[in-house]
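> Would you mind keeping the following structure in view while I ask a few things?
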Amino acid sequence: MTAIVEAFGKPHVNVGTIGHVDHGKTTLTAAITKHYGNFVAYDQIDKAPEERKRGITIATAHVEYQTEKRHYAHVDCPGHADYVKNMIVGAAQMDAAILVVSGVDGPMPQTREHILLAKQVGVGYIVVYINKADVADADMIDLVEMEVRELLSKYGFPGDEVPVVVGSALKALEDDSSEYGKKSIDKLMEKLDEYVAVPPRPVDLPFLLPIEDVFSISGRGTVVTGRIEKGEIKTGEEIEIIGLKATQKTICTGVEMFKKLLDKGSAGLNVGILLRGTKREEVERGQVLAKPGTITPHRKFKAEVYILKKEEGGRHTPFFANYQPQFYLRTTDVTGSIKLLDGKEMVMPGDNVSVEVELQVPIAMDKGLRFAIREGGRTVGSGVVSEILE
């Protein structure tokens, strides 16, 4: 069991509210915490604390609540730009998103943008809450549901299966006992519990460790250190060293932590791993150790990126096609060039765009890997791999 499960005695899921401005994301967050958590007032959520991830400041409010079956951590962002940054930078990885759509207005531009981003960054499940049902016309609500389902299907979510709950976050917040009031929140929680699968714990995934440092210990061989990102490793297991150069195979002959030898190392631990027959110069920071056959090195990929504004410490000027910054992937900087898509000629600070990246050397990667874009050692943007090209 993970530490989180032990702490709450229940499986843990990360969720977030997404949707167009003023459709009621924060009111819904307040209503959920009122009935299922430690109540957090609307104006407290709206004064979200600032969180820094990779040098990027994002205002995010974290609240928590629980049903009989699960514990949920919930993130709500005050501004649209913060949602975009949060999803790309992954300040809070969302396992599922609650898409809030006003029953009066229906889907709007940010509704689409948030759905597309959710898909690109790997949010697994979406549950829909059609809000403001108390002031919307019944026919309009049916139409909105149809439109939202079509939109979800268009962006690769199972639009026909996605649960849709109709209600009024404001009524729920006011303790109204009608169908659109507290009952709609109960129904939403029920749907989250039923529809969203608990994500596999990192320890159950295949072993992966990004190498941070390499040492040579006389008489014992080469030791690499780093934090195990996922899975576990036992002495005697075969592993691959991937990225930067040709993939090599080796055997783990020991796992150490604080000078003690362990039987195995698992996700979340900072460890040293002894490698059999591997020379000091054959391994370097930026490579990863992984279970054989589970991850491959790549140079070309598509990504969703957010470029910092000048006020956020980013560039002061736009960049153009073939811009060549450094990409900080896991533990190392690699130079690469950016190709702009969809006929775009330049990218302004503050923009969120889809790009193609070609690195100078291959790096172990999967869809969903997050990275920082740096120039002269400072972060100028952030991104997430949306598709591997080669």
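Every residue number used here counts from 1 along the chain in the order it is shown.
Each Cβ is built from the backbone N, Cα and C atoms, and glycine gets one as well.
What Swiss-Prot shows for this protein is this:
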DOMAIN    10-201  domain 'tr-type G'
BINDING   19-26, 76-80, 131-134  GTP binding site
REGION    19-26  region 'G1'
BINDING   Thr26  Mg(2+) binding site
REGION    55-59  region 'G2'
REGION    76-79  region 'G3'
REGION    131-134  region 'G4'
> Between His80 (GTP binding site) and Thr26 (Mg(2+) binding site), find the distance joining the two CA atoms and give it rounded to the nearest Å.
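One finds 12 Å between the Cα atoms of these residues.
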> Restricting to the same chain and to residues at least six past its boundaries, which positions have a Cβ under 8 Å from a Cβ of the region 'G1' (19-26)?
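Beyond its ends, the region 'G1' (19-26) has Cβ neighbours at 42, 45-46, 76, 78-80, 99-102, 105, 107-111, 114, 131-132, 169-170.
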> Where Thr26 (Mg(2+) binding site) and Gly19 (GTP binding site) are concerned, what is their Cα separation in Å, rounded?
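It is 10 Å, counting Cα to Cα.
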> With helix taken as DSSP H, G or I, strand as E or B and everything else coil, how many residues of the region 'G2' (55-59) land in each class?
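For the region 'G2' (55-59), the helix, strand and coil counts are 0 helix, 4 strand, 1 coil.
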> Below 8 Å Cβ to Cβ and six or more residues apart, same chain only. Which residues does that give for Asp22 (GTP binding site)?
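In sequence order, the residues whose Cβ lies under 8 Å from that of Asp22 (GTP binding site) (at least 6 apart) are Ser102.
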> Over the span of the region 'G4' (131-134), count residues by DSSP class, listing helix, strand and coil in order.
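Breakdown, helix to coil: 0 helix, 1 strand, 3 coil.
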> Given a Cβ distance threshold of under 8 angstroms, which distant residues of the chain, six or more beyond its ends, lie next to the region 'G3' (76-79)?
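For the region 'G3' (76-79), the nonlocal Cβ contacts are 16-17, 21, 25-26, 29, 45-46, 48, 58-61, 63, 86.
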> Using Cβ atoms only, which residues of the same chain lie under 8 Å from Gly19 (GTP binding site) while being at least 6 residues apart in sequence?
Lys25, Leu99, Val100, Val101, Gln110, Thr111, His114
> Excluding near sequence neighbours, so keeping only residues 6 or more apart in the same chain, what lies with its CB under 8 A of Ala133 (GTP binding site)?
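Looking at Cβ-Cβ distances below 8 Å from Ala133 (GTP binding site), excluding near sequence neighbours, one finds Gly103, Ile141, Val166, Gly167, Ser168, Tyr180, Ser184.
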> Could you tell me which of these binding-site residues, Lys25, His80, has the greatest number of Cβ atoms within 10 Å of its own Cβ?
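When each Cβ's neighbours within 10 Å are tallied, Lys25 tops the list.
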